[in-house]
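According to Swiss-Prot, the protein carries these features:
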BINDING   R27, Q28, A29, G30, R31, D77, Y154, S209, H327  substrate binding site
SITE      D77  site 'Transition state stabilizer'
Amino acid sequence: MAELKNDRYLRALLKQPVDVTPVWMMRQAGRYLPEYKEVRAQAGDFMSLCRNAELACEVTLQPLRRYDLDAAILFSDILTVPDAMGLGLYFEAGEGPRFERPTDTIDAIKKLCIPDPEDELGYVMRAVSTIRRELNGSVPLIGFSGSPWTLATYMVEGGSSKTFEKIKRMAYAEPAALHMLLDKLADSVVLYLNAQVANGVQSLMIFDSWGGALSHHAYREFSLRYMQKIVDGLTRFADGRKVPVTLFTKGGGLWLESMAETGCDALGLDWTVDIGDARRRVGHKVALQGNMDPSMLYATPERIHQEVDQILASYGEGTGHVFNLGHGIHQHVDPEHAGAFINSVHELSGKYHK
């Protein structure tokens with residue numbers, strides 16, 4: 001593998017000195033870019049794009065050609081794991097992801113098999129190795145998975161949900177069934193992420209998109225417990241370097257201290273958390289990623305510049321900060337505004353790293 005030329009992102013996650021604050025964007029390869037839309041149309045549908053290693057590589061690299069980003073993130077989807085378990089993933093116009101065979105009974109859960117990442121998910125591994133080769137050491141490659149709780153919400157609900165009624169009914173009326181599902185998912189995610197590392201990813205992120213829907217105690221029982229199991233099972237060294245792990249619970253500001261106890265290297269923050277306060281709470285244990293409101297990218301470049309300056313000032317001096325949005329970039333954002341955001345981070349952050 002080519003030697004890494006820009007390791008700013010990895011260094012910040014490990015709280016090592018950097019010259020400027022590194023920056024990347026969740027969903028940086030996506031629908032806000034006209035060049036992405038062209039490749040998406042060529043692929044035919046979203047999962048066909050994910051399953052084609054060359055096209056997945058192309059859309060992963062597109063934002064790096066436009067912007068001075070400090071990391072690439074594998075183009076894929078969190079629902080690849082349940083899809084590989086045989087649930088029949090499809091996307092319905094205006095409705096988002098759906099499953100033909102939801103896992104909403106104990107019998108359905110018992111029948112689930114843990115997928116082989118080099119077989120049922122081999123297309124993801126081919127994409128990883130292709131992207132890593134094409135990056136040629138320019139920036140690190142981030143791999144990822146959904147958290148067991150978040151994957152389970154889609155599997156039990158049969159798709160997206162605003163109320164999470166079915167999975168919460170299972171959590172409180174049939175907790176043993178849900179724990180069986182979460183356990184299988186945690187085992188699957190460990191294998192999946194370790195295979196990503198073996199094929200070339202240099203950092204890992206676990207997206208707990210729906211952890212914030214849980215009550216204070218239920219979060220620990222049904223979400224954090226299984227992210228802990230994953231962290232404990234991950235390959236943490238490859239290519240002679242540590243492979244940093246970031247946990248991100250959207251709406252998880254209540255639980256930063258508990259999340260930091262898992263042994264992860266960094267926590268992602270959504271935009272509802274003050275990053276300076278988060279640093280005071282857990283900055284002695286973990287690095288922090290975030291956390292500008294993605295909707296701020298609809299503002300003028302001047303206003304974006306001000307917001308970046310405010311977040312950098314709130315975090316303060318020193319390393320341990322990876323700048324990002326507090327969630328994925330919106331599809332209708334002007335690409336020029338995304339560029340203004342990235343340039344502002346590099347331009348304004350140097351003074352915090354003297």
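Placement of Cβ uses the backbone N, Cα and C atoms for every residue, glycine included.
Annotated features taken from Swiss-Prot, shown on the structure.
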residue	record	DSSP (3 states)
R27	substrate binding site	coil
D77	site 'Transition state stabilizer'	coil
Y154	substrate binding site	helix
H327	substrate binding site	coil
Hey, what's the widest CA-to-CA gap across R27, Q28, A29, G30, R31, D77, Y154, S209, H327, the substrate contacts in the record, in Å? 23
Pop the Cα-Cα gap between D77 (site 'Transition state stabilizer') and R31 (substrate binding site) into the table, whole Å please. 14
Candidate nearest D77 (site 'Transition state stabilizer') in space, where candidates are the binding-site residues R27, Y154, H327 and distance is Cα-Cα: R27
Output, ordered by sequence, the same-chain residues six or more apart from A29 (substrate binding site) with a CB under 8 Å from its CB, or 'none'. Y36, V59, T60, Q62, P63, I73, F75
Which site among R31, H327 has the most other CB atoms no more than 10 Å from its CB, taking these as binding-site residues? H327
Do any residues at least six apart in sequence from Y154 (substrate binding site), in the same chain, have a Cβ closer than 8 Å to its Cβ, and if so which, in order? L79, P82, P97, F99, S160
As a test of the contact definition, list every same-chain residue at least 6 positions from R27 (substrate binding site) whose Cβ is closer than 8 Å to its Cβ. G328, I329
All-chain count of other Cβ atoms within 10 Å of D77 (site 'Transition state stabilizer'): 17
